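Participant: Have a look at this one.
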């Protein structure tokens, strides 16, 4: 049964879907931006195009806007298992996952979600085999490059959150180009979390605050939650309303540690390469049924 807050739309939300199954950097990234991208980013002269319809003809559920999460943080899990089940190399799962991500982006736009953050490469992923790390660095670089014009046409702003050290310069360059190209877009913000970890983000924020205190620019007695928030990788970013993880695993894995303090969590059994926008819609429907109390109590029924 739907809770009181959304009973009024429960019947209207039926549709055809698949099963539910920050910005201070340690080192500034290069800003090598081709002239044509600078000119396109300066003024958006054409309206953003609409998302392509889902191949099945499915349409987004009729969820009232106030129950749609503003920011969805996604742990895209299951690429390796998907490939193993098919007797394929792990890289095949990553490659198929690209199509899942950008179908989800279009489905998020259809639903009215304003921000998506995706865990593309964690600070712990450096411990994987050198061959897989090299593949993932090149893969992330190439995905950003080949998808940036598509994202720009959709009105999507591309951002990056993570640590610059150890990242390939070519990855940083493509991220910088995509950020510059899409900086004026406001349909949806897609944050690529590459070389990102929730705890490292807090460590970096703490170091930045300590430097300000040591320089006499900040009184330590005035440090509060807002101070920490201002020193995260993307300071203006909203907290995650919904954290969605695929593959059936039920853990955060060091993602959005600060931003997920009051998030709702939805875990889907589907492996990421099998995901499409209907799985996102199902996760958001589950989110919309929740009562978010932020530490408050449920009022007694009279």
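Note that the numbers count up from 1, one per residue, in the order the chain is shown.
Backbone N, Cα and C atoms are what each Cβ position is placed from, and that goes for glycine too.
According to TrEMBL, the protein carries these features:
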- 77: active site (ACT_SITE)
- 125: active site, proton acceptor (ACT_SITE)
- 77, 264: Mg(2+) binding site (BINDING)
- 78-82, 90, 94, 122-124, 126, 128, 245, 251-253: substrate binding site (BINDING)
Participant: Same chain only, sequence gap of 6 or more: which residues have a CB within under 8 Å of the CB of residue 123 (substrate binding site)?
Facilitator: 162, 163, 195, 196, 197, 200, 254
Participant: Measure from the CA atom of residue 264 (Mg(2+) binding site) to the CA atom of residue 82 (substrate binding site) and give the result in Å, rounded to a whole number.
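Facilitator: On Cα coordinates alone, these residues lie 26 Å apart.
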Participant: Could you tell me the C-alpha distance between residue 80 (substrate binding site) and the residue listed as 'active site, proton acceptor' in angstrom, no decimals?
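Facilitator: With the alpha carbons as reference points, the distance is 13 Å.
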Participant: Pick out which of the recorded positions 77, 264 has the most other Cβ atoms within 10 Å of its own Cβ.
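Facilitator: Selected residue: 77.
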Participant: Among the binding-site residues 80, 82, 94, 126, 252, which residue has the fewest other Cβ atoms within 10 Å of its own Cβ?
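Facilitator: Taking 80, 82, 94, 126, 252 as the binding-site residues, the minimal 10 Å Cβ count falls on 126.
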Participant: So, in DSSP terms, is residue 78 (substrate binding site) helix, strand, or coil?
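Facilitator: Residue 78 (substrate binding site) sits in coil per DSSP, no helix or strand.
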Participant: Near residue 125 (active site, proton acceptor), which residues of its chain come within a Cβ-Cβ distance under 8 Å, counting only those 6 or more away in sequence?
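Facilitator: Within the chain, residue 125 (active site, proton acceptor) has Cβ neighbours under 8 Å at 133, 136.
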Participant: I'd like the Cβ neighbour count for residue 245 (substrate binding site), meaning other Cβ atoms within 10 Å of its Cβ, all protein chains included.
Facilitator: 24
